[in-house]
Amino acid sequence: MAAGVAAWLPFARAAAIGWMPVASGPMPAPPRQERKRTQDALIVLNVSGTRFQTWQDTLERYPDTLLGSSERDFFYHPETQQYFFDRDPDIFRHILNFYRTGKLHYPRHECISAYDEELAFFGLIPEIIGDCCYEEYKDRRRENAERLQDDADTDNTCESALPTMTARQRVWRAFENPHTSTMALVFYYVTGFFIAVSVIANVVETVPCGSSPGHIKELPCGERYAVAFFCLDTACVMIFTVEYLLRLAAAPSRYRFVRSVMSIIDVVAILPYYIGLVMTDNEDVSGAFVTLRVFRVFRIFKFSRHSQGLRILGYTLKSCASELGFLLFSLTMAIIIFATVMFYAEKGSSASKFTSIPAAFWYTIVTMTTLGYGDMVPKTIAGKIFGSICSLSGVLVIALPVPVIVSNFSRIYHQNQRADKRRAQKKARLARIRAAKSGSANAYMQSKRNGLLSNQLQSSEEEPAFVSKSGSSFETQHHHLLHCLEKTTNHEFVDEQVFEESCMEVATVNRPSSHSPSLSSQQGVTSTCCSRRHKKTFRIPNANVSGSQRGSVQELSTIQIRCVERTPLSNSRSSLNAKMEECVKLNCEQPYVTTAIISIPTPPVTTPEGDDRPESPEYSGGNIVRVSAL
């Protein structure tokens, strides 16, 4: 059964998303189940422990799906006589109802991604969702795709700069995520400051600043201090122009960037300045220029790059486009209807201001939006009655879409809050990982010195005895692992500091033999689970000892460096103190070296009486592998 399921899965996944399976041969035949079936048998479906029962004919109504075809036999268990699916039982209820009723519905409380995965597994396409749920399903799916794309773009911009990134990619990354570097952060705050200055200057230049000498009429600040405001506007426009050109040059897709809303806002914000530079002193042209200067107020929308709340508001309006369209259409119909009624109701009054139906539009708009300026009021009884109805209908028309807009705003706001929280947690987690990796070698060696390899060496003439300290279960397991490695590989693992101390003792004191103070070599610390090779300990010479004291000892001849992607390689040289250029180049891209010291003893010398005796202190031909780099 397991082999059949494994062979079926790739074809089921391909068929579920509408792709034809690519294979050299046909699909494997489903396993034959030796059981008797009636024409309309009762089938038991076990979905993660939840049992569903239905008729076989109900499932076979749709033979192109998983449950309606013979492919469901791959999931049949003869012992329980059930079809077992390790899927979500809550969503499966809606899928099974589709076989019963022929209508597929989308549960609003379910995750859109999980729902799509279940449909893909059972071989159902989203296009068969009923009309009552299809629009909401498409909206949720589009919003989810946009959110995932935004999260992916944010994650890409928040990642650390790679060495392979080009200058163009670095500039775009600095614009999208100013916190990547100090210069990007400075430019971010400088542009924000000039945006605020530009908006404030656009407002202040219309404030009256008194009359200038030779003029009786009071002039606005923009005309009285024209040079100062021109210089200020020039500085702001220069900053905005440089920002726009840099964004255009660094954009991954310039065509997409030019079509974006923020790009259009940038162009509209700086365009009036350049048009004013080339315009003549003609009064007609100057009047058009004054009208064009109104577009400078769009610079305030540049704050959306600096404000998350404005971006959330934009996403909300975009997601509520259908509701806003319904509101606009309803208001338009109501305005036309009530303006027509009010015109004919007030037509008989001589003091009426409802001179035409378009003139009555203003009264209808002000009344339906519950503003009520009072500049136009009905005079007749019929006009007052219809005006009251217009006011009440306006409250109903405007109030209906508002809860939907508020709900979408709340949902998008909380989604962004959760996304920001996830990114902050990911950033903190990566920081902890980097901190742990940077201090891993020191922490490992410190733990060995404190608990793993910090035992006192108790040597005697007959047999060395070791005293171990009580440690945690992790330390005990680590001791046991080192103990088994020493017995099976005939290697001995010691701390680097203990190794140097032992070497100094060997250089100063000449004793017959000595054992390295390793917890893994202790008798009684761990159980004897590995067959021990015949091993004799020996003196470890110090590399720092002078040449006269070393004798014929060969200095640290070989270092083993393991590659992540390939088999272990060795890099040999006559001395580890030599430069790396003098050695054979490693044939791997990412070598790593562990912090350890391994002593390889030479075979023991057997006396004619059959007893083993330690070798002479010269250690001719002894090899020591010392790896002290991380």
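Note that Cβ sites are derived from N, Cα and C of the backbone, with glycine treated the same way.
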Swiss-Prot: matching membrane side for Tyr315 and Ser407: yes
Which listed span Swiss-Prot calls transmembrane segment, if the choices are 8-27, 288-307: 288-307
Model confidence over the topological domain 'Extracellular' (282-287) (mean pLDDT, whole number): 57
Neighbour tally for His105 (Zn(2+) binding site), based on other Cβ positions within 10 Å of its Cβ: 15
Outside the transmembrane segment (322-345), six or more residues from its ends: residues with CB under 8 Å to it: 135, 139, 354, 356-361, 363-365, 367-368, 378, 380, 382-383, 386-387, 389-390, 393-394, 397-398, 400-401, 404-405
Top Cβ-contact partner of the transmembrane segment (185-206) among 227-249, 257-281, 381-403 (pairs under 8 Å): 227-249
All-chain count of other Cβ atoms within 10 Å of Cys132 (Zn(2+) binding site): 10
Binding-site residues compared (Cys111, Cys133) - highest count of Cβ atoms within 10 Å: Cys133
